[in-house]
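Below is one structure, written out as structure tokens, with a few remarks after it.
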Amino acid sequence: MKNTVLTLQQQKRNGDKITMLTAYDYTTAKLMDKAGINCLLVGDSLGMVMLGYDSTLPVTMEDMIHHTKAVARGAENAFVVADLPFMAYQVSVEEAVRNAGRLVKEAGAQAVKLEGGKEVCAQIEAINQASIPVIGHLGLTPQSVNVLGGYKVQGREHDAAVKLLEDALAVEKAGAVALVLECVPATFAEWISSILTIPTIGIGAGAGCDGQVLVYQDMLAMFSDLSPKFVKKYGAVGNLMKESFERYAQEVKDGIFPGEEHIYNMDEEVLNELKKQFEEEQNEYR
Ligand SMILES: Nc1nc(=O)c2c([nH]1)NC[C@@H]1CN(c3ccc(C(=O)N[C@@H](CCC(=O)O)C(=O)O)cc3)CN21
Ligand SMILES: CC(C)C(=O)C(=O)O
Ligand SMILES: [Mg+2]
């Protein structure tokens, strides 16, 4: 059965941890869905892992729609969330609602996620008013990398922690259905999770959150441009891919691939007849 926003709330109430992974394409989404992952996030991290940008800032609405469509087609049960990319919601409440609407209406997302605290609460309220569930995102908010000065742990000092707590409460009050906490000290994230009634989904925020999310190329060790401490590698898929590509290239060079089992056959008489005809016709022109 398709997971919904209600499933998430129930999972927090029941202490059943929410599992989320990023997904950007149909094939991967389908594998994750079959594995029973609860939520698929079409993250704007796709700018880095799929498109090779060095931040999430260049990602466009068209990029997000393109990848969300593919993921939505592969997600039979999983709840599909799409990130609102940089500058799709910051300029005005009206733009935020219109762009959130596109992710749902054109691309098939069930909810949208946006980064920020009090400064985006008007957007969260308005998107929610348009019947689109919104997920908040606090702590390390990668779209603010230029003001944060890098990808660093957030909320460690008293003043920053007060601000983060106030933002979390404001985001919940504005109507967010869940909150991603990224790169926040574990004890602090656990405490925030106990205060909020909406589920928290942590990345680099410890086991006290109500759910976890990772970028799938990180957990499969496919992506090595970044190596955050919070990533656990569940498979050496990057190495497996590279070795497979090498073996394929070698076998093509050596004439080992394709083998007998990979080819289509033709009646030998048909080919012989064709060869004979061809030779005769060639002789006519000599
Ligand atoms: N592939 C990928 N994985 C991600 O988790 C991710 C992206 N891309 N792109 C967008 C952001 C950027 N993220 C990052 C990137 C680097 C660190 C990192 O290296 N952090 C330091 C923290 C050092 C400190 O402040 O103490 C670390 O050592 O973990 C963390 C999150 C998370 N998001
Ligand atoms: C890392 C998660 C939370 C995200 O926002 C993304 O993948 O873009
Ligand atoms: Mg993101």
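Here the Cβ of each residue, glycine as well, is placed from N, Cα and C on the backbone.
Summarising the annotation, TrEMBL assigns active site, proton acceptor to Glu182. A C-beta separation below 8 Å, combined with a sequence spacing of at least six in one chain, links Glu182 (active site, proton acceptor) to His137, Leu138, Gly139, Leu140, Thr141, Pro142, Gln154, Gly202, Ile203, Gly204, Ala205.
When secondary structure is read from DSSP and collapsed to three states, Asp44 (3-methyl-2-oxobutanoate binding site) falls in the coil class. In sequence order, Thr56, Val59, Met64, Asp83, Leu84, Pro85, Phe86, Pro142, Gln143 are the residues of the chain that are 6 or more apart from Asp44 (3-methyl-2-oxobutanoate binding site) and have a CB within less than 8 Å of its CB. Under the heading 3-methyl-2-oxobutanoate binding site, TrEMBL lists Asp44, Ser45, Asp83, Lys113.
Summarising the annotation, TrEMBL assigns Mg(2+) binding site to Asp44, Asp83, Glu115.
Here the binding-site residues are Asp83, Glu115, and the one whose Cβ sees the fewest other Cβ atoms within 10 Å is Glu115. Report note: the Mg(2+) site is defined by Asp44, Asp83, Glu115, and the residues of the same chain whose CB lies within 8 Å of the CB centroid of those residues, excluding them, are Gly43, Ser45, Thr56, Val59, Leu84, Pro85, Phe86, Lys113, Leu114, His137, Pro142, Gln143. Sequence-distant contacts (6 or more apart, same chain, Cβ under 8 Å) of Lys113 (3-methyl-2-oxobutanoate binding site) comprise Leu41, Val81, Ala82, Asp83, Leu84, Val134, Ile135, Gly136, His137, Val180.
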